[in-house]
Amino acid sequence: MFLDSFLHKKFFSTIEKKSLLPSKSSLLVAFSGGQDSLTLVKLLYDLNPFYRWRITLIHFDHRWRWDSMLASKQVFSFARYYNFPLYYFECPDYLNTEEASRKWRYTTLIDLAVKNNFTKILLAHTATDSSETLLSNLFRGTSLDGLASIGWSCQLAQSVYIVRPLLNFYRFETSWFCRKYYLPIWVDRSNYDYIMFRNRLRQELVPYIKSYFQPNLEERCYSLSSLVKYDTDFLEQEALRIYFILIHQDLIAINHTALRLLHLSVQSRIFKIFFIANLNFNPNSRQIEDVIIFIKQNILSQINMNNYILVMDDIWFYVGVKIIKFS
């Protein structure tokens with residue numbers, strides 16, 4: 001029987017209630033060999049006789065550690081044992097930062113999914129990951145969006161969705177699951193490098209808070225981020241609805257006289273949508289604040305934003321020309 005543990009039941013209940021993984025879906029599963037991804041793949045394998053998914057694994061080797069090839073060999077052995085097809089990608093040498101590597105991983109996932117007709121890209125993010133992200137963003141300084149939980153599912157491209165079916169799982173649960181089923185966890189030594197902010201948070205700060213302040217810290221953080229997500233989703237939808245009412249029909253412009261009447265929270269979100277949609281530019285909070293102050297002063301003038309001239313007349317705030325710099 002495929003529901004032979006409480007985590008099997010939890011996983012089955014989650015994907016059914018949220019309709020995350022319909023029967024016969026084509027799944028591309030990011031597989032690192034760590035305990036979270038091992039748990040996800042094992043659960044998919046056990047439930048597959050019921051759902052009949054087409055499951056394929058993908059592994060990214062960043063070659064940042066001397067033992068990364070050994071980790072990859074273990075991933076290959078696991079995939080072979082469970083008879084899963086596996087894609088293997090080595091990170092290019094020039095991608096030497098976490099952010100650049102992250103963009104490369106997501107680009108590769110999307111391209112591969114589109115070319116091979118995968119409808120779901122699965123990531124083994126857990127509630128523990130979500131709580132660590134919340135704390136990390138809080139310490140670094142963030143907006144309300146930075147406190148919101150990552151979504152269960154979101155659309156990346158036409159007919160391709162990214163799905164995180166373990167978002168209500170905790171790391172102690174995936175650790176127990178791997179021990180129960182003798183799954184070969186590959187221990188990433190870099191997770192214990194305290195030079196990295198997130199590792200110190202995970203290994204030192206979180207255990208300290210759980211010991212002396214809040215033993216259910218991860219659950220509390222997950223609950224908070226989930227509640228914040230409801231509010232931010234509503235604000236985003238409301239901002240998008242108003243954005244389409246206020247934009248010019250022909251020009252890259254927005255009605256600033258009507259915009260000024262809105263709450264500052266909605267104004268900032270509308271401007272963010274405006275810049276991303278028209279200029280492919282994601283402004284930071286300081287830049288958005290500068291624009292809001294500019295239109296509030298109601299001076300018929302212009303400002304420079306990311307090498308674009310932004311102009312304001314009696315009614316419209318619009319994009320003028322792009323500044324081209326010659327070296």
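Yeah, the Cβs are placed from backbone N, Cα and C, and that goes for glycine too.
The annotation ATP binding site is assigned in Swiss-Prot to S32, G33, G34, Q35, D36, S37. In the three-state DSSP reading, Q35 (ATP binding site) counts as helix. For Q35 (ATP binding site), the number of other Cβ atoms no farther than 10 Å from its own Cβ, over all displayed protein chains, is 22.
The Cβ centroid of S32, G33, G34, Q35, D36, S37 marks the ATP site; residues of that chain outside this set whose Cβ lies within 8 Å of it are F31, L38, T39, A124, I185, W186, given in sequence order. Most Cβ neighbours within 10 Å, among the binding-site residues S32, S37: S37 holds that distinction in the structure as shown.
Comparing Cβ neighbour counts within 10 Å across the binding-site residues G33, G34, the minimum falls on G34. Neighbour density for D36 (ATP binding site): within 10 A of its CB lie 23 other CB atoms from the protein chains shown.
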